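Enquirer: Once you've had a glance at the structure underneath, I'll fire off some questions.
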Amino acid sequence: MALVNQSVVTMFILQRFVDDPWIQDVLFCLFFALFMAAIAGNGLIIATIHSSPNLHTPMYFFLVNLSLMDVICTVTVLPKVLQSLVAENSISYGGCLTQMFVFSWVLGSELLLFSAMAYDRYLAICRPLHYGTLMSGKVCVALATFVWFTGALNSLVLTCLMLPLSFCGPNLITHFFCEIPSVLILSCSPTFINDIMTVITDMFLTGLNFLLTMTSYVFIIASILRIRSAEGKKRAFSTCSAHLVVVTLYYSTVLYTYVRPALGTAGFLDKLIAVLYTTVTPSLNPLIYTLRNKEFKISFKKLLFPH
């Protein structure tokens, strides 16, 4: 369906993963299971922390924010993915921009949140005597506000830069949702500014925050190694290892996707990479962060079995 210019663009078509009906059915079941796991898992994390006063600490405060972002990411992307597996998946021009804005907002905010979480662990392990003062309730709220606001501002700028672009050629987005690099390919207007701004914001949000996070963990690991007791080392590592795994997976996949928009493709590998940070990570985060956390598991059991 060819379109003449932006004034007549009303719909985009999101490309399916595969054309084989059997594989589509398998993928539908898989993505639906991941969808339910993400909603249920993150929802239970929020409910457990909210109902447990002993979990009202900075670490769990940031975990609630992370779970909320994962829920928003899931409901923004996965319903359209499920639709594409059972029927032709079209999305309006306005709907595409909305999905692009919300997803970019959550993505940018989550990258910033990882730095805040790493800073929290740094203070808890490396400066325990000053932790209560340096990570007070007001500081936590201020950090969370900065994270959400900065992510929204970044997304607003990138989305607004899409508005002047004209789309006069094919309207098939070779991706399973409206992500900036894959939509830019369809524009018949120059996208140099968009490409540059996308790379700059990604280097700031991904590159700089990854550097800050890794720097925090260098100090954290050095501090843990100075702990004499084996039990102390084990406990310190258990509180940080989960976060480090999630951060490494998330940063590497996002950096791959957004640093390469000038290459002009959104092939199958790009889709697999995108699945990791839009679908798999939100589904696994509840398990990764709570599976080895005895404090959380006790509170969770109290939520399920109050008596």
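Glycine is treated like the rest: Cβ placed from N, Cα and C.
Values in this document were obtained by computation on a predicted structure and should not be read as measured data.
Under the heading transmembrane segment, TrEMBL lists 22-47, 59-78, 98-119, 140-167, 204-225, 237-259, 271-291. According to TrEMBL, the feature domain 'G-protein coupled receptors family 1 profile' maps to 41-289.
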Enquirer: What residues elsewhere in the chain lie close to the transmembrane segment (140-167), defined as a C-beta under 8 angstroms and at least 6 residues from its ends?
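Expert: Contacts of the transmembrane segment (140-167) (Cβ under 8 Å, skipping residues fewer than 6 from its ends): 3, 5-6, 9, 58, 61-62, 65, 97, 100-102, 104-113, 116, 119, 180, 183-184, 186-189, 191, 193-194, 197-198, 201, 205.
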Enquirer: Which bits of the chain, at least 6 residues beyond where the transmembrane segment (271-291) starts or stops, bring a Cβ under 8 A of a Cβ in it?
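Expert: Same-chain contacts beyond the ends: 17, 31, 34-35, 37-38, 41-42, 44-45, 63, 66-67, 70-71, 73-74, 77-78, 81, 103, 107, 175-177, 179, 242-243, 245-246, 249-250, 253-254, 256-257, 297, 300.
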